[in-house]
């Protein structure tokens, strides 16, 4: 049987450790508790997102939904509104909590002691986009730690929900289309209110590029599909 590494190949220390079977737990790792992070912008949260969290909760002891502050995107809903919306949608799930990711995802994973990142895949296009990010997150989480890095676990979307995307929900809502069967209860109202506010700010000449103001009320949880 061939060696895990070929002669003359100079692998980085984390990669060499991984090839030779070295396993180091993330800090603050809790013995017997497997924590996963489900990250995303979730602008807005959809039933597809909730389904991924439900399934991740079956695989891990604890699931932390990480609401990203993506500098490359202008969200419709601000981070706290997105956090509250997702928290309401998964309030019935034990071992699941929702937090805002303040910086790099790998730093957040380290803070919560995550052993894995969980992402949903709707199709091959999603995999093409997610695979490089998974590799980068594994690399960044290993740098300077001696760990093998945090791996990403991909879950294929439920076929009944694979057509749902946050961007499509926003587009449909912009043209007054029905979105309530695509998102958890109450989230449709948040989206419509945010779109109306952005439209009003645009008409009055106010800045409409930023997220809509926070909505204090959280949506009522919806029964998972």
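Heads up, the Cβ atoms here are built off N, Cα and C, so glycines get one too.
130 is the only one of 111, 130 that TrEMBL places in the ATP site (with 41, 42, 49, 120, 121, 122, 161, 162, 163, 164, 165, 166, 167). According to DSSP, the secondary structure content of the domain 'Cytidyltransferase-like' (38-171) in residues is 57 helix, 31 strand, 46 coil.
Rounded to a whole value, the Cα-Cα separation of residue 164 (ATP binding site) and residue 105 (substrate binding site) is 24 Å.
Candidate binding-site residues: 49, 73, 119. Fewest other C-beta atoms within 10 angstroms, 73. Candidate binding-site residues: 105, 162, 164. Fewest other C-beta atoms within 10 angstroms, 162. Among the listed binding-site residues, namely 41, 121, 130, 166, the Cβ with the most fellow Cβ atoms inside 10 Å is that of 166. Separation of the C-alpha atoms of residue 49 (ATP binding site) and residue 119 (substrate binding site): 9 Å, rounded to the nearest whole number.
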